[in-house]
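Some features that TrEMBL has for this protein:
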- 2-101: domain 'ABC-2 type transporter transmembrane' (DOMAIN)
- 20-39: transmembrane segment (TRANSMEM)
- 51-69: transmembrane segment (TRANSMEM)
- 112-201: domain 'CDR ABC transporter' (DOMAIN)
- 158-178: transmembrane segment (TRANSMEM)
- 259-373: domain 'ABC transporter' (DOMAIN)
- 475-689: domain 'ABC-2 type transporter transmembrane' (DOMAIN)
- 493-513: transmembrane segment (TRANSMEM)
- 525-548: transmembrane segment (TRANSMEM)
- 569-592: transmembrane segment (TRANSMEM)
- 612-637: transmembrane segment (TRANSMEM)
- 644-663: transmembrane segment (TRANSMEM)
- 761-785: transmembrane segment (TRANSMEM)
């Protein structure tokens, strides 16, 4: 907080006075504490990020809009004035403005009129163009300026500090109460969730619960199918390996993870890998399934004595210990997805889907095949193992001990001295059991030429099985796109929270900034566009967490299995997100464009085309937001880190878009930021399309009044100046007081911000460039930072 205050205060060149500096620090610190309590309270009363996003976004908009600066209190609609009264930031901002402007005189940057023939006129015939200026004065009083512009008063400064303290204690108590009563989501247990209309008839509602006596609480009762599975045939092939080693480099040093491992998997028998954490169980399975992407693998792997080849990876089934599934898919859809992308390209789609049905029937999964996967919540055969350890010096296994836990304790001594007493690795190499393993492997290698189904597949496999990916890119892209669309469709919390955020924010901004075409009214319309750009952060914070589970699924399970390419899932996510954001753009158009009143600036001839162009710009904003969010998240571990980066870049973009600081006032060094900022073209394009070609009528406090010199009329006196600078006179024939409005048309207002109506289509085309750059950036960043490098796995 101290660093923030120092940077803001001195870089903005605020008053170089100790008293005002410490008042600035005090006010900003109290405001920060109040906002912290407010947001913490909202976090306690909501249970998910998606739930919290809507009230937080609406609240943040309201706090920014109703400070009285973005929209002065005189322009607030009657029904919304109370939002200013209960806004803690309104009191903080008034105190800061009063502290900065009190008892200060500011030099006028532009007098009205000015130019040739006006400089030698009497002082009372000229006036500064800033609100609060007095005729004949070349300076503007700070107190008068904030009084007339924003209704801010220096006398309220310390009163507002007391109000902030009241807000702080009030919200602190509310936060404590909310934290005390906050409850985590109830654990609903394991419940099968089926797609609508797909629940099997033998799953029925049972309204009786004998143990809980909760007769009004429905439970799901399952009728168990006693029919045995059909079509299950025993395999005939034996998979075996000998002297398997795996070496990798860590910090430039070689490290062996597997050291001459032997073994086999026979049909009809279960083979268990047992060992302490880090012993290499998962590593061995990854090497056997050819899922490793780096290092050197040596040794032999065979099926019925026939060496495995590059097609083996596409034929082996591998179930990981993690529960890695896209939770919105059904069991059938998960199997179909794998079959379509992993089975031979020579097999037709219909045959692949038919085989999935055969597998479902064979494994007796018909009853829950259409259930959504969701998020889940040793015996007599151990005697041989126990005898082996006891025979080689281990203490006997207690009768009440778990054999598996006993084994793990034995092979992992509690200290280094015990580790030196028994070398279990060497004991195994010298044991008769090891010799039996070697003899069995030799027998398997010398089997006759009769092959099982798996070995025959190796000999007679098609060419597609030897490629890195079995399916073509078009097939991969189609299936991943369909799966991604289903994932979004079956995530109603995400979709409805996005819709609620868009609709409520649009209506809130639209009705708040509804204004006539006065000077301040045009400023309000410009801020209606600018404030919508602030929603970028909330939209981005929704998009990024939606992407992460799919990236994790791909990197942990589907990339090692070579199911599809990395660029297919990135493009699929971008396209599906873009489709939903197109719908969001339609909602924005109707809930924002019309409430603000932009349609009043159109005519019957151009109303349709200008309205359509505004929609296109809103669509561009939504597409830019989604593609930029994907470019930010693809290579970063967490959504929080990516959100910070994306928000920082977007804040820079809207800071230099020419709204907060007009283009002519931006320091020369920073003008390049104005040119490269996408917000420049979004805001400029929407504003020019919405307000171009209309007349301006000044409000009473916006009219400048000055004395007419000599025997001239107001029209004669101000005519040359108006011709050069624009504006209009209320009474051109007046010879006493000249009343002047500095704007006559909305075009003059646009020119102040370097916005031109003629550039509207050029800006629209330029936004497509930004979107394509975002897509290319998403692909490029992922390839650069997350695609494995090097030559891959080497076979020794």
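Every residue gets a Cβ built from N, Cα and C, even glycine.
Between the transmembrane segment (612-637) and the transmembrane segment (493-513) there are fewer than 3 Cβ pairs closer than 8 Å, counting only pairs 6 or more residues apart in sequence, which means the two stretches are not in contact. Between the transmembrane segment (51-69) and the stretches 20-39, 525-548, 569-592, 644-663, 761-785, it is 525-548 that has the most C-beta pairs under 8 angstroms.
Under the criterion of 3 or more C-beta pairs below 8 Å, with sequence separation of 6 or more, the transmembrane segment (493-513) and the transmembrane segment (569-592) qualify as touching. Among the recorded stretches 20-39, 525-548, 644-663, the one sharing the largest number of Cβ pairs closer than 8 Å with the transmembrane segment (569-592) is 525-548.
The list of residues near the transmembrane segment (20-39) in space but at least 6 beyond its ends in sequence, with Cβ under 8 angstroms from a Cβ of it, reads 1-2, 4-5, 9, 14, 56, 59, 63, 88-89, 92, 95-96, 99-100, 157, 160-161, 164-165, 167-168, 171-172, 174-175. Mean predicted confidence for the domain 'CDR ABC transporter' (112-201): the pLDDT average there is 83. With DSSP classes pooled into helix, strand and coil, the tally for the domain 'ABC transporter' (259-373) is 41 helix, 20 strand, 54 coil.
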